[in-house]
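Q: Pulled the feature table from TrEMBL, pasting it below:
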DOMAIN    36-131  domain 'Ig-like'
DOMAIN    138-210  domain 'Ig-like'
DOMAIN    239-327  domain 'Ig-like'
DOMAIN    332-419  domain 'Ig-like'
DOMAIN    424-508  domain 'Ig-like'
DOMAIN    517-601  domain 'Ig-like'
DOMAIN    614-709  domain 'Fibronectin type-III'
COMPBIAS  697-708  compositional bias 'Polar residues'
DOMAIN    714-806  domain 'Fibronectin type-III'
DOMAIN    811-921  domain 'Fibronectin type-III'
DOMAIN    925-1021  domain 'Fibronectin type-III'
DOMAIN    1025-1117  domain 'Fibronectin type-III'
TRANSMEM  1130-1151  transmembrane segment
COMPBIAS  1161-1180  compositional bias 'Basic and acidic residues'
Amino acid sequence: MPSKAASLLSHGPLLVLLLCSVAVAIQLPKDLWKPPEFTDQPEEEMVVFPNDDIVLKCEATGNPALTFRWTKDGKEFDPQKEPGVTQRHGSGTLVISTNNGNAAPRFQGIYRCYASNLLGTAMSTESRIVAEGAPQWPKESVDPLEVEEGASAVLPCNPPISAFPPKIYWLNSRIIHITQNERVTLGQDGNLYFANVQLSDSRPDYICNAHFLGHRIIIQKEPLELRVMPTNSLLMRKPHLMLSEEVPSSYVALLGKTLILECIPEGLPTPTVEWVYKDGLMPLHRAIIENFNRTLRIEDVTEEDDGEYQCIVRNVGGYTQHTYRVTVEAAPYWTKKPVSHIYGPGENVRLPCEAYGKPKPEMEWRINGIPLKNLEPHPRMVLQRGALIISQVEPNDTAVMQCYAHNKHGSLLANAYIYVVRLPAQILTPDNISYSVVENQTAFLHCKTFGAPGPTMKWFTEDMYLALENNRTFEFTNGTLQLEQVQHEDAGSYRCLAKNDQNEVFITAHLIVKRATKILEGPADANKMKGTSVTFRCEAWFDVSIPKHGIKWQREGRDIKELSDTDKYFISNTTLTITNLDYSDQGEYNCVAWTSLDSVNKGAKLVVAGLPGPVFDLELSEQQERQVKLTWTPGDDHNSPITEYFVLFEESIFDPGQWHSLTSVPGNQPWTKLHLSPYGKYRFRVQAANFYGRGNQSTPSDFYQTSPAAPDLNPSGVKGEGNETSNMIITWKPLPPMDWNAPELTYHVQWRPLDEPHWNEVEVAGPPVVVTDTPTFSPYLIKVQSCNQFGSGPEADILKGYSGEDVPVATPENVGAEVINSTAIRLSWSLPNVENVRGHLKGFKVYYTWLGTMAERSRRQAHHHAHHHLEKRELLIEGNVSEIILGVFRPWSRYRVEMTVLNGKGEGPRSEAIEFGMPEGVPSRPETFTMELLQDMTAYLQWTEPKYRNGILMKYRLKYYLANQTANETEMDPIDIPISQHSLVIPNLMPYADYKFSLWAETKAGPGESHTLEGSTFPEAVLLSFENITATEVGENFTVIKWIPRIKQREVKFSVHIMDKTDGEPWHNIGKASSSKGVYLIPDLQSGKQYRIRFVKEHRNGNNETFWEEEVETHGTLHKPRTGFATEGWFIGFVSAIVLLVLVLVLLCFIKRSKGGKYSVKDKEDTQVDSEARPMKDETFGEYSDNEEKPFTSSQPSLNGDIKALGSDDSLADYGGSVDVQFNEDGSFIGQYSGQKGKEGGGNDSSGATSPTNAAAALE
């Protein structure tokens, strides 16, 4: 500040003055006077109860000191002359003591306070004091109220009058509230209204209780008795309103207050009440219907609530209505209020004063509490449109002005002083304030001035050019400089200069311009399904020189925040995620990028879609015998158009509680005509569907019942077939009850043989009907017709049925096989005697038997092979066909085929067998194929022959190539390998390369499937192949070695060696392990011993490489072997003598047995029968006997190892007449030996041996 102003204001403490409703610190001289100004005024109305003291507040400030005075009812009131009244020191507040209520009525009246000093007088608002005593109900005797049942009644309350109306409760003598409902209602006047009385309403103790909140007491009226007289004729009564004559039809509602309208009806049955605002819609959120629709309460009344309100009362007897005409008026309220101000001499003063009210308020000006009309005219003072204007003010114009506005609903009073004084110019805005703004914003540089007369001011730029020279600037009358569309070049210092006739002062303001915030990527609109999640993304750019900035999310103007008790929202630096979306989540979401200087936002619309809501208002119309029209009101489509409506029905006579689909209609058609069956009681539901599926079903419609009628349908699934050879069972699928069209249903069943004209008939309640004594598999004609008590159904269709089937006796004939390729044949046959099928031909069954390979050239060899490895299969052929292609055979094999006929009863006899052979085919791939690297460029390949040769193997062929090539890209020809060779060494391979080896076998039919192997010439680093080799588990008699194989390591076999370190035994090989297994178990160890274990790779070149070795010790204690008698020499000698004696006895016995005896040939044969051969017939062979000895069993060992088996190359003709030989169909041997001697053979590689008798005969 300039020093001139500082010297003027350096004489004492500071005062604070409120100017223009803004608190501003102004430096004023200590001795500067100030007109009176109220800080606290008395309440407009005070209700005083007994024992309450009265406090009338009156506080004000001013200089010189203030004096206070009071008036009561317009007359001077001297507190010092009134007993019990005191005035607080230094203020005008009065405290009135009522002396226990005795004097309270004496102080009733209207009070006003005045505060004055030499500069003027301020006048307070009026305060009305109302004194009330304790409320009491007068003693009264009320006769019982007798009312006939069904009539209306009113129980009066009439509480004492009070400034604060009491709250009314109706209780009984047990202090239990009287139940209120639509029939029994409490009115605003406190009375209890009965729309119609019931016998249960009779009681002697209806008590009205009044709670006076101001007095803080509850008083009760004498009990009232209501007697309800019963009647035998309760008549319906049209509703009427129970309005007393005191209830007006016109109401005046005050602006901002609450309006209550009441409509209490009577009638039988109890009427309902509906409220209507005839001039528009009820005010939303402010109109409240309560007290069972009997009361309409409108809060915070506005001028738009003016108009007519109607209550409509209805019951089944009729309706009535009542109209309230509501006029909205208002107590006065300020639209422009005069404000205190300091002026310099010669200035013009204008004090505006405008108030609104209804009726229009009367306006009046006062000066120092005296009405302007009572003062002498002032030549420089005029009234203009309610404003008080004083021209060229002088110091003696200083005064306190009062503007007073009033109408019948209230009054307003405003004090405003005019203080005329000469003061130097001051700038109240601090110096050197910096204003930071963002480019393209509007900047406001403030320069608040004070002085008398008021200073003039101007703004200058840093170069002392007038700021107003820029067409983007504007100076307000309060000194603020406005600069629009700020640019970076506008930054800098600005100076505000203020002066009046006494001095000149200035301040400097600094303008800083920042870059504007930008949203680089804003959120995008989203359409999501209910229950899913959505993520909005937002990235923004900020001016880094603005320290406070960030991104926040808003919905409909309210900030979105993460909450600890829910996971609805997840907010990161750049995203907002909303989970578990519901329809309430849809709306506009805004990303707000903000700084302390600016903000920018971008919004996105979220649409939440889902299943449609249920339809409602289902209505049945256009009802006919079998048709009804169903209409409905669509529900919420939840942001996905309804595509279809599904109509469901429940039939409650035959199928109650079960809902079934009936029909569907397009989504734009909220109706359908339903075709229904007779004799049904139906109700319906509708289900809407959209893109997301079907929504919830609607509530059920009303019931709709159709009349009974004759059946419309006959049963389906009519069949006639027998379960025995002499009957036919007629069955059908019964009609569901909903198709009966009546309470009961029967079936008229008719049948006749196909070649007879006469129908047999019977009427039954349901299936089946059994026809007996029928020929086997004979055709019949059948009819089944529905019937009920209202008639028969349509004419039934005639169907064909058959009596029972029998097992077929027909066999396929002319069975032939035509070989197509190495695995398939064309099998053909004929069926000449169809009548022998004796039933419905279901098909044929093929039995085929594998007899062996074609390499077994003789029939005997084929039978011999089948005897051991017979493979039998069967195949079902459905339908009446005569040939089929079968591709189920092995190449280069012999087969036997038989066929049978199938019908519904079973399978017929087998056809004559045929045999055929299959040509050679290509072999399967070699069963195993391995590779081992002998040296860096030499590989050793090894394989086994194909599992299925499918012919005579001619050779193997090998092809190998680099792994990054294909078989077609390599130029190398395949290598031919003899069929007897199963390994090959491949030299001169590329080192450190990956190869593919393909090996296949060939027959005359061509090359077989190849076996492809991948290998490499990388040196085997077995030691590096495994990780973490360790003995993971050691027990008393075992240990487990585990390791981790190298990824993509080909499988490597290696040896496991072990050495017993405790006993000093040498190393020995205990088996092979595979590198890919990762585990090896060593069992059969001894407890408590130390062992060394090693892994050894044995190479083809003879070198052995040990790549892991470790020592383990088994658990437990080492057990040393005991020395017993078994190791003594005497015991060994004794055992040897016993063995020698046994051998001598056995030899003697054998010699004796060789001289004769007998045995069963059958026993011998049984021991030689193969497990796959069929058992022999129960025949006893002849015996070769010796009467002195019993036969040996077949378990005797053979003494002749040179005797050939029966299946050897010897011909059976060698045995001549001594053996009658036959073979069963499967090649097994049967026959009976004669008593003559002859050559004897062993049978079929049996484990049984030649008997001693045969051995002796052979030796002869």
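From the backbone N, Cα and C atoms, a Cβ is placed for every residue, glycine too.
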Q: Would you call the domain 'Ig-like' (239-327) and the domain 'Ig-like' (424-508) in contact, using three or more Cβ pairs under 8 Å, pairs 6 or more apart in sequence?
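A: Counting Cβ pairs under 8 Å, fewer than 3, so no.
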Q: Which numbers of helix, strand and coil residues does DSSP report for the domain 'Ig-like' (332-419)?
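A: Across the domain 'Ig-like' (332-419), DSSP assigns the residues as follows: 6 helix, 51 strand, 31 coil.
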Q: Run through the domain 'Fibronectin type-III' (925-1021) and tell me, per DSSP, how many residues are helix, strand and coil.
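A: In the domain 'Fibronectin type-III' (925-1021), the DSSP-based counts are 0 helix, 49 strand, 48 coil.
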Q: What parts of the chain pack near the compositional bias 'Polar residues' (697-708), using Cβ distances under 8 Å and only residues at least 6 beyond its ends?
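A: Distal contacts: 614-616, 618-620, 623, 625-626, 628, 630, 632, 635, 648, 650, 652, 659, 676-687, 741-743, 788, 790.
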Q: Give me the stretch from 36-131, 517-601, 714-806, 1025-1117 with the greatest number of Cβ pairs under 8 Å to the domain 'Ig-like' (332-419).
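A: Of the candidates 36-131, 517-601, 714-806, 1025-1117, 36-131 scores highest.
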Q: How many helix, strand and coil residues does the compositional bias 'Polar residues' (697-708) contain under DSSP?
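A: When I sort the residues of the compositional bias 'Polar residues' (697-708) into the three classes, I find 0 helix, 3 strand, 9 coil.
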Q: According to DSSP, how is the domain 'Ig-like' (239-327) divided among helix, strand and coil residues?
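A: DSSP composition of the domain 'Ig-like' (239-327): 3 helix, 49 strand, 37 coil.
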Q: Looking only at the domain 'Fibronectin type-III' (925-1021), what is the model's average confidence as pLDDT?
A: 87
Q: Taking helix as H, G and I and strand as E and B in DSSP, count the residues of the domain 'Ig-like' (36-131) in helix, strand and coil.
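A: Helix/strand/coil tally for the domain 'Ig-like' (36-131): 7 helix, 50 strand, 39 coil.
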